[in-house]
């Protein structure tokens with residue numbers, strides 16, 4: 001469906017409102033599937049999809065859906081392994097670009113991990129999951145929060161199964177995390193050990209007397225700890241026990257026996273010794289991590305396609321959740337043959353709008369006794385809501401053609417080919433503006449098809465007399481072609497004389513309140529020319545005025561009421 005003039009701006013504002021509510025960028029792509037269309041079957045299909053989706057999507061899922069993001073499996077080159085293959089397999093293996101490849105066994109010695117298809121090292125096939133299973137495991141591990149969120153949205157699904165498999169590799173990740181922080185762990189243990197040894201020395205000193213105490217203090221001041229520990233073997237045993245205990249704690253978390261602390265005081269591990277230990281552990285962990293990843297990835301691979309589908313489905317559910325929020329208290333409009341209307345429609349661009357009921361074309365029994373007309377002239381008070389009503393009509397018609405619910409208690413519409421909306425341009429006047437506006441109206445009226453044309457005060461850019469003649473003829477042509485037209489005009493009486501087939505409605509300012517402010521009922525009265533605002537403004541000035549000013553205003557007011 002084609003949107004012309006200010007109808008495009010209304011659509012952009014509706015889209016902007018929706019997009020601002022969508023926090024996940026990937027979910028915004030679903031909006032593109034709901035561009036306004038003139039295909040009746042497509043509109044019905046969209047309505048059915050949204051009816052089902054909005055009914056089933058749960059508000060409590062939002063917390064989990066907002067945690068969803070893409071899980072990206074990056075391609076990486078591994079320098080810690082080499083793949084030994086037959087001459088025939090070299091080209092295929094090199095194309096994978098995952099690690100160094102050779103067919104010469106003499107080139108494999110310096111690598112921690114030796115993979116092979118010809119009987120050396122770890123037996124593999126030439127495929128990514130065998131050569132670099134970490135490429136699958138690491139991204140999944142790093143995105144456990146996404147998997148956990150998906151498991152809440154789709155219990156028992158692919159994410160759930162992958163999380164169960166990842167638990168088998170959890171211990172290795174913990175070891176690797178400890179390895180990264182090994183320097184800090186050892187330094188902390190050093191401090192802890194030295195503090196405990198100092199405490200033991202102090203306590204032990206209190207048990208000594210006489211010559212033993214003198215010898216102890218002399219050796220301690222001289223730093224002759226070897227003599228001290230040799231002389232006092234019980235103390236030595238206690239300190240060795242503390243060191244062994246500290247090493248066991250580190251060994252337990254690393255899963256490998258470690259002897260790193262010197263049997264001396266103060267305990268201090270040289271940095272080069274820590275680095276040597278880290279290199280040794282890294283080598284062992286890489287092999288362990290590879291083997292466990294290889295085993296785990298075989299269980300995970302069958303679920304990856306389903307996982308991808310779950311992520312896309314989660315974006316779709318989030319999109320539906322946003323639409324559900326946006327369209328709360330909306331209604332799906334009924335598709336009819338000849339009419340556009342709504343009961344208690346609410347303008348989405350106005351805060352706390354007054355609900356309004358209106359129609360053009362057939363009313364389908366919703367407005368008994370009201371004249372049905374394809375051409376409607378809307379008259380009445382300035383600032384009474386006439387332009388807002390045109391805006392509301394365009395909102396409802398655009399949303400309806402998107403397949404969306406609309407802001408009303410009840411609504412119906414004819415599937416259109418085009419919507420034209422000519423909003424009043426308050427700062428544009430003169431011959432140029434008149435010519436441009438007239439050309440725009442002629443473009444709207446020409447051609448065939450189902451059209452809705454919304455016009456806001458065409459007469460404001462030319463003389464009222466000329467405007468009445470031009471509009472009358474244009475509206476006759478629109479009537480002959482079966483177009484729907486709602487035009488805001490102060491020329492209701494003049495136009496009604498020229499085109500009796502049109503219905504004239506009015507928005508009335510009811511009067512003045514106790515503070516002399518205008519009271520406006522934004523619900524149009526059908527078949528009634530709206531009472532103009534100028535009369536009420538004159539009345540307000542007459543009631544406020546004094547002396548001669550009041551007398552003049554009262555004389556003007558009498559002219560209105562003759």
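Backbone N, Cα and C define each Cβ position, glycine as well.
What Swiss-Prot records for this protein:
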- 380, 381, 382, 383, 384, 385, 386, 387: ATP binding site (BINDING)
Worksheet item: Got a sec? Which of these binding-site residues, 380, 384, 385, has the most Cβ atoms within 10 Å?
Response: 380
Discussion item. Around the C-beta of residue 381 (ATP binding site), how many further C-beta atoms are within 10 angstroms, looking at every protein chain?
Written reply: 25
Response to the item:
Sequence-ordered list of residues in the chain of residue 386 (ATP binding site) that lie 6 or more positions away and have a Cβ within less than 8 Å of its Cβ, or none, is 378, 379, 380, 456, 488, 507
